[in-house]
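Trainee: The structure is given below, and queries will be raised subsequently.
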Ligand code: 5AD
Ligand code: FES
């Protein structure tokens, strides 16, 4: 079957066989990518119109117990100036964001045990108390099922935990031996069972990734049916073991965004910051390829440069208000509009 036919088949049947996935990923060309983007854009407009949902991210701690080989804030990077925001500082970021029209706050950090269950639950419930029309998304990494349950009961609505790769052998090449692919997968199924709108995802072009790995990622997501998918290109960070690895492909990232939209029409799909970093028009092109979410930074400017997962991350010098205005302009330039709402999964 030609690539074009595989895209049509995916659109009709919402799944492909392993070999078909591999072929799609290996053999697509620029015209197939355009074809997929147009189809994905149509689907996205049917689902969401030309509305773009925004999520304000508060990166509240860059302290992490893990040592993922790709990540700039890994524990063995001694060049990071580490910080923690207080509960009050986190709440202030959300208050400020509310004024700019954010109705979802994403609390993201390294895996930092300083913020224990009680403290995190307190922060979540206080955000919900102050802003009852808002959703809270957590992106705090792997935790116990009991922690996830407590945070859900405190009012958290969504959880982002990229699976990073659905291939266990590939996972081992991206993470130190102490980290476990099985545990990560278990976390994801716990989150879903508990009732979170759950997000998984992977980097495109991470070291040692093959078309087979990406095929497994697509098959995993096809089964798991996440409410959200985060995908962006791998970008090297100068203080990591992967410093000399090539960055991921911009075009393949856009293509797979379209493919995700075609496979899961109602998935919440951000045009990620990494996509905006690899190309100045990346977020706009992401939206035109089927993305419907943008996640600008709400962290205090004083800490932004310290949350560098990869080199040259955009928006680290801008005030939240500037980012908000910039995004409004960028979305209007392609005929889309930022929607002030929680933007839940339907
Ligand atoms: N390049 C691109 N994305 C990265 N992430 C971490 N490090 C990098 C990098 N060097 C992504 C991971 C993680 C998310 C928060 O950021 O997929 O889950
Ligand atoms: Fe931050 Fe454009 S979105 S400056």
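A Cβ is built for glycine as well, from the same backbone N, Cα and C atoms used for every other residue.
Note that this is a predicted model, so its numbers are computed, not measured.
So TrEMBL has the following annotated:
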type: BINDING; residues: 64, 68, 71; note: [4Fe-4S] cluster binding site
type: BINDING; residues: 139, 235; note: (3R)-3-methyl-D-ornithine binding site
type: BINDING; residues: 164, 184; note: S-adenosyl-L-methionine binding site
type: DOMAIN; residues: 50-281; note: domain 'Radical SAM core'
Trainee: In the structure shown, with every protein chain counted, which of the binding-site residues 71, 235 has the densest set of Cβ atoms within 10 angstroms of its Cβ?
Mentor: 235
Trainee: Using the Cβ center of 64, 68, 71 as the [4Fe-4S] cluster site position, which other residues in that chain lie within 8 Å, going by their Cβ?
Mentor: 66, 67, 70, 72, 73, 74, 75, 110, 309
Trainee: Taking only the Cα atoms, work out how far residue 184 (S-adenosyl-L-methionine binding site) lies from residue 64 ([4Fe-4S] cluster binding site), in Å, as a whole number.
Mentor: 16
Trainee: Around residue 164 (S-adenosyl-L-methionine binding site), how many other CB atoms lie within 10 A of its CB?
Mentor: 21
Trainee: Restricting the comparison to the binding-site residues 139, 164, 235, which residue's C-alpha is spatially nearest the C-alpha of residue 71 ([4Fe-4S] cluster binding site)?
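Mentor: Of the binding-site residues 139, 164, 235, 235 has its Cα closest to that of residue 71 ([4Fe-4S] cluster binding site).
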Trainee: Compare the C-alpha of residue 64 ([4Fe-4S] cluster binding site) with the C-alpha of each of the binding-site residues 139, 164, 235, and give the closest one.
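Mentor: Of all the candidates listed, 139 is nearest in space.
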Trainee: Cα of residue 139 ((3R)-3-methyl-D-ornithine binding site) to Cα of residue 68 ([4Fe-4S] cluster binding site): how many Å, rounded?
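Mentor: About 16 Å separates the two Cα atoms.
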Trainee: List, in residue order, those binding-site residues out of 64, 71, 235 with a Cβ under 6 Å from any atom belonging to ligand 1.
Mentor: 71, 235
Trainee: What kind of secondary structure is residue 71 ([4Fe-4S] cluster binding site) part of, going by DSSP in three states?
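Mentor: In three-state terms, residue 71 ([4Fe-4S] cluster binding site) counts as coil.
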Trainee: Other than its own, how many Cβ atoms are within 10 Å of the Cβ belonging to residue 139 ((3R)-3-methyl-D-ornithine binding site)?
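Mentor: Looking across every protein chain shown, the total is 19.
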Trainee: Counting only residues 6+ away in sequence within the same chain, which have a CB under 8 Å from the CB of residue 68 ([4Fe-4S] cluster binding site)?
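Mentor: Non-local contacts for residue 68 ([4Fe-4S] cluster binding site): 74, 164, 174, 175, 176, 179.
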Trainee: In the three-state scheme derived from DSSP, which category covers residue 184 (S-adenosyl-L-methionine binding site)?
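Mentor: Reduced to three states, the DSSP call for residue 184 (S-adenosyl-L-methionine binding site) is helix.
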